[in-house]
Amino acid sequence: QEAKCAYIIIIMAVYWCTEVIPLAVTSLMPVVFFPLLGVQSSKSVCLQYLNDTNMLFVGGLIVAISVEQWNLHKRIALRVLLILGVKPALLMLGFMVVTAFLSMWISNTATTAMMVPIVQAVLDQMDNTEYDVTMLEQVTGQTNTVIELEEKNASDPTSVHVISNGQVPDDPRSSEEKKMRKRICKGMTLCVCYAASIGGTATLTGTGPNMVLKGQMNQLYPKNNDVVNFASWFGFAFPNMILMLVLAWLWLQCSFMGLNFKKSWGCGTERTAKEKAAYNVLKAEMKKLGPISYAEFNVLLMFVLLVLLWFSRHPGFVKGWATRLFPEGEKYITDSAPAVFIALLLFILPANKPKFIGWNPSMSDPEQTEEDIKKPFLSAPLLDWNVVQRKMPWSIVLLLGGGFALADASANSGLSAWLGHQMTPLGSIPPWAIATVLSLIIAVFTECTSNVATATLFLPVFSSMAASVKIHPLYVMLPGTLSASFAFMLPVATPPNAIVFSYGHIRVLDMVRSGIVMNIIGVFCVTLAINTWGRPMFELDTFPTWANSTTNQ
C-alpha cells in the first residue's frame, strides 16, 4: 500500500515540477490511479475535491471577484497613494503597502495586474517631466544657475545632473541619470510583485498554501479543535507580514535607490516638478473613477461584514458568534459558512439604488415617470455568474483538491507513518534548527514549482516527521506553509513575478539578485515569528494530544 501511494505521489511531483501537463490536470490523477492500484476507493478520493477548506476558498474568491468587478481595489489603491505622498521612498512604500493590503483579500495575481499599470503610468509621467525640465535648462543657459540652486534645495531625488561649477552638461540626460532612472524603474516594478507575495501570507484565504495547511490540518488531525482558523492565522501571520514588508522595502531602497535619506525622504523640501507630475497622474486616475457608486459601497459593506464575521466567529479569548447564537455552533460552523453566505448575498443585492417612485406615477412630473417606466424595475445584482465563471481560478480549486486527496491517501495507506518512522533520528537536532532548515529547503524548492504544489507535497511529510520527533506539528508546518509563498527569485516562480517581468524593465539576473536576499529575509522573519509570538499563540512547546491520537490509529 505505502509503496503504491508513494509511487503516485512521486509521479505527480515530477509532473507538477516539470508542468508537462497543466497543474490542474495532474491534480486529477488520484481519482484514476488510487482506485486502480487499490490504495483508496473512488468514493473517498473524490470527496476530497470539494471539502470544507475548498468551499472557504471558493467563497473568498467570489467576494474578491466582486471587489475587482466594481474596481473597488483601484479606488483603495489610489486613495492610499495620494495620502502617502510621492517622494520616491514613500512612493515605493505606498505601492508596497497598497499591494500587500489588497493581496491579503484578492488574489495576488489580480492585485499585481492592477498595480503594475499604475506604477507604469506614474514612472512614465515622471520621466516626461524630467525631460521637459532638462530641456528647459538647456534653452535658458543664462538662468540655469538659478534653477540649479533651486534644484539643490529641492534635492530632486533622482537628479545627478546638478554640476557644482555651473556648467550645463551637453546631453539633456546624462548617462549617470539614465542609469539611475532605470534602477528606480526596476525597483518600483519589483516591489509590486514582492509585496503581493508577502501580503498573500497574512490571511488564510490570501493565497493557496495557507489553504493547503488548513485542509491538511483538518485531514491529518480531525480532533484538532480548529487550531488554524481565520482569526488565529491572522494573529500569527499579520505581524510577520508587516516585518517582512518593512525589511523588503529597506532592502529594495538600498539596492535600487541608494540610502540617501535627505534625497529620498526630502524632509521639509517642496515638491519638484517630477513629484508634482506623479501626483497629478494619481489625481487624474482618481478623477476617472468618479464618485463612489451605490454598487461599490455595497460591495465594500459586504467585504467588511465578511471580515468581521471571520474574526468574530471563534476569536479564542471570548466566545464567538458561532457559540453564542447557535446551539453547539463551534462544532458545526467553520470559516466556510460566512464566506459562502456573503457570496450568496452578492448575487442577491442590487447594483443600483432601488426605486420607489414607480408606485404612483401621477404625482411626479410626466417626463421623469416615462424614463422610469422605460428602465427595468429590478436592478441587476452586484455579481453575475458569467463574470465569476470567467474570473474564477478553477485550476487552484482542483489543485487544492488533488493535494487533499494525496494527504488523505498517504495517511490512510500508512505512508505517513512509514515516513515518520524513517525520520526518528532527527530527534537529536534542536527543533528550531529543523524548522529553519526546512523553511530554507521549501523556499528554494518553490522557486521552480507552483507554490500550492510545493505546500501540498511537503506538508504531509512534515506532519509525520513532527509526530515521530514528538514536536508540535504546527512548529514545522507553519514555517513550511509561509516559505512556500517566498517565490522571489525567478519570473516563472509565481504569476505576479511573471506579470512584472513581462513589462520588460527587469532582467532575470536583477530578480535573482534581489530574490536571494528576499528569501533570506523571509526565512529569518518566519523563524523569528515561530519562536517568539507563535509559541504562546499555538502552544508550540507542547506536543498536543490531538496529534498523538492519529499516530496510534
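Backbone N, Cα and C define each Cβ position, glycine as well.
Heads up, TrEMBL stuff is auto-annotated, nobody curated it.
The transmembrane segment annotation in TrEMBL covers 6-37 (among others).
The transmembrane segment annotation in TrEMBL covers 76-106 (among others). Beyond the ends of the transmembrane segment (76-106), by six or more residues, the same chain brings 60, 63-64, 67-68, 112, 114-115, 118-119, 122, 157-158, 184, 187-188, 191-192, 194-200, 202-203, 205-207, 241, 245, 248-249, 252-253, 257, 264-266, 271, 275, 278-279, 282-283, 285-286, 289, 303, 307 to within a C-beta distance below 8 angstroms of the stretch.
According to TrEMBL, the feature transmembrane segment maps to 187-207 (among others).
Residues or ranges marked as transmembrane segment by TrEMBL: 227-252 (among others). For the transmembrane segment (227-252), the list of distant contacts is 92-93, 96-97, 100, 104, 187, 190-191, 194-195, 198-199, 201-205, 210, 213-214, 217, 310-311, 313-316, 334-335, 474, 478, 482, 514, 517-518, 521-522, 525-526, 528-529, 533-534, 537-538: same-chain residues at least six beyond its ends, Cβ to Cβ under 8 Å.
Annotated transmembrane segment per TrEMBL: 292-312 (among others), in sequence order. Residues 63, 66-67, 70-72, 75, 105, 230-231, 234, 320-321, 335, 338-339, 341-342, 345-346, 349-353, 382 of the same chain lie 6+ residues outside the transmembrane segment (292-312) yet bring a C-beta within less than 8 angstroms of a C-beta in it.
Residues annotated as transmembrane segment in TrEMBL: 332-349 (among others).
Look at TrEMBL and you will find 396-420 (among others) tagged as transmembrane segment. Within the chain carrying the transmembrane segment (396-420), a Cβ under 8 angstroms from the stretch's Cβ atoms is held by residues 1-2, 4-6, 8-9, 12, 23-24, 26-31, 34, 39-40, 44-45, 48-51, 53-54, 57-58, 208, 211-212, 215-216, 219-220, 450, 452-453, 455-457, 459-461, 463-465, 467-468, 550-551, all 6 or more beyond its ends.
Residues annotated as transmembrane segment in TrEMBL: 432-462 (among others).
Residues or ranges marked as transmembrane segment by TrEMBL: 514-533 (among others). Tertiary neighbourhood of the transmembrane segment (514-533): same-chain residues 190, 194, 198, 236-237, 239-240, 243-244, 247-248, 251-252, 255, 432, 435-436, 439-440, 443-444, 447, 475, 478-479, 482-483, 486, 488-490, 540, selected by CB-CB distance under 8 Å and a gap of 6+ residues from either end.
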Same-chain residues at least 6 beyond the ends of the transmembrane segment (332-349) whose Cβ lies under 8 Å from its Cβ atoms: 52-53, 55-56, 58-60, 62-63, 66, 204-205, 226, 229-230, 298-299, 302-303, 305-306, 309-310, 313, 322, 326, 381-383, 385
Beyond the flanks of the transmembrane segment (6-37) by 6 or more, those residues with Cβ under 8 Å of it: 45-46, 49, 394-396, 398-399, 401-403, 405-406, 409-410, 415, 448-450, 452-453, 457
